[in-house]
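S.K.: Quick paste of what TrEMBL says about this protein:
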type     : residues                       : note
COMPBIAS : 1-10                           : compositional bias 'Acidic residues'
REGION   : 1-31                           : region 'Disordered'
BINDING  : W67, G93, A94, A95, D115, W149 : S-adenosyl-L-methionine binding site
Amino acid sequence: MADNYEDDDGGAGLGAMFAEPEGFRPPPPPPKTEVFARRAENVEAGGVQLVKVSLLGAHPLWGHYLWNAARELAHYLDEHKAVVRGKTVLELGAAGALPSLVAALNGARRVVITDYPDADLVGNIRTGVALNMPERLADGSVVVDGYKWGHEIERIGALGGAADGTFDVLLMCDLVFNHTEHNGLLQSVARLMSRPAGAAYVFFTHHRPWLAEKDMEFIHRARDELGLCVDRIAESFTGAMFDADAGDPRVRGTVHGFRLSYHHQKAESS
């Protein structure tokens, strides 16, 4: 049987029959830039007021949204600069990487920004860093790389520069709705967060209210399986990301923030 399935007239066969004509599908939306305005009272004298967030036009892994959880965590890091100042920071599933950018602006010693190892996602994060702080890309104090949760722990740990391959601070925004990825996320937290003073900041919204308990399983497992202390540190209503979605808009519009650590911590200072 001929491999190219040519027809009797010597045509190109099934491949040509099912090929889409040029222009059949519209091109994907182009990349975009959103501007995040830091609250003036939290910006130090002479500091950057506006942060440019690079976003893809579209992506199946949601890298084209600036999530409300990322905005709220960025505000939190501005209000509590001591959380990251002088520290090593790792962001997982960063998308537009706004919290990482704010962490760097607030004096984090080294920031490693990761998302799924897809060229478009990783390239977009590099673009965002270059828009705001190209000098930190150049000197290596901000690093961008691809990372699949739960894998290549040693390689990612080495990027932070610590001898034990861990980070002082982990940042995670709107990741827990990926219920099938909880195992990988928990492995990453367990092995990449430093002891005893490390902390992971987990901000998210219940975008599907009927699955809120499944979202919370990540928090419960971090407590029960990893032995971490869980502190609720933020809760704010921002409005729902997607107006047409099903479920209570109040639930879909509320951002929850948790700190996971080895010891319960006092209220954090600025």
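Indices start at 1 and increase along the chain as displayed.
Cβ atoms are placed via backbone N, Cα and C, with glycine included.
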S.K.: Over the residue list W67, G93, A94, A95, D115, W149, recorded for S-adenosyl-L-methionine, what is the maximum interresidue Cα distance in Å?
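M.R.: Greatest Cα separation within the listed binding residues comes to 20 Å.
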S.K.: Could you list the residues of the same chain, at least six apart in sequence, whose Cβ is under 8 A from the Cβ of G93 (S-adenosyl-L-methionine binding site)?
M.R.: T114, D115, Y116, W149, M172, C173, D174, L175
S.K.: Could you tally the C-beta atoms, other than its own, that fall within 10 angstroms of the C-beta of A94 (S-adenosyl-L-methionine binding site)?
M.R.: 29
S.K.: I'd like the Cβ neighbour count for A95 (S-adenosyl-L-methionine binding site), meaning other Cβ atoms within 10 Å of its Cβ, all protein chains included.
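M.R.: I get 29 for this one.
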S.K.: Taking only same-chain residues 6+ apart in sequence, whose CB is under 8 Å from that of W67 (S-adenosyl-L-methionine binding site), what do you get?
M.R.: A95, C173, D174, T205, M241
